[in-house]
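The feature GTP binding site is assigned by Swiss-Prot to Gly14, Pro15, Val16, Gly17, Ser18, Gly19, Lys20, Thr21, with sequence analysis given as support.
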Amino acid sequence: MKSRNGPLRVGIGGPVGSGKTALTEKLCKAMRDNYSVAVVTNDIYTTEDAEALVRMQALPSDRIVGVETGGCPHTAIREDATINLQAIAGLNQRIPDLDVVFIESGGDNLAATFSPDLADITIYVISVCQGEEIPRKGGPGITRSDLLVINKKDLAPYVGADLEVMDRDATRMRASRPFVFSDMKRGDGVSSIVSFLREQGGL
């Protein structure tokens, strides 16, 4: 699909340690054989996430760009997305046939949102390790993202999180918006997320 911005732009946000980079890796590996894919990662002072994706062999290195946002990471995806838009423009110039660009935000809080000028579809990632109460705490990431991913479901028994409670709270907080439980270590939930992107993104 070519959106009004060119390739479909998928924003991936969430707190530090929720599994954003693991999700980005799994999506790249699941989609790269059928689509032309690239990634822009955001870190405050380094390009660590971009380097990690290269090490994971998610994509060739020329399809992964890391940007250093400085300051608050949410600014670079919402108030002033210039640095990300420039990175995407560079990818488009280098790889004209791009179908999808994943934009991975730096670790942020529950109030983080993507500018509509930057992302066509938004995915927000939380972890059961942050506590079963996270879905009911709300915030734009929980309530307004196009897809909520509740990651690390395999660790629920070890951190005292009740998945049924999280399911109930996510259903209530998100109304009709979809969410999925995942375990990125084993790849559980990835196929559902890819299907969502195909359907909602017109891929």
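These residue numbers are counts, starting from 1, taken along the chain as shown.
Glycine is treated like the rest: Cβ placed from N, Cα and C.
Those residues of the chain, other than Gly14, Pro15, Val16, Gly17, Ser18, Gly19, Lys20, Thr21, with a C-beta within 8 angstroms of the mean position of the GTP site C-beta atoms are Gly107, Val125, Ser127, Asn151. Annotation for the binding-site residues Gly14, Pro15, Gly17, Gly19: lowest Cβ count within 10 Å of the residue's own Cβ, Gly17. If you draw a 10 Å sphere around the CB of Val16 (GTP binding site), it holds 12 other CB atoms from the protein chains shown. Counting other C-beta atoms within 10 Å of each candidate's C-beta, the binding-site residues Ser18, Thr21 are led by Ser18.
Counting every protein chain shown, the Cβ of Lys20 (GTP binding site) has 28 other Cβ atoms within 10 Å.
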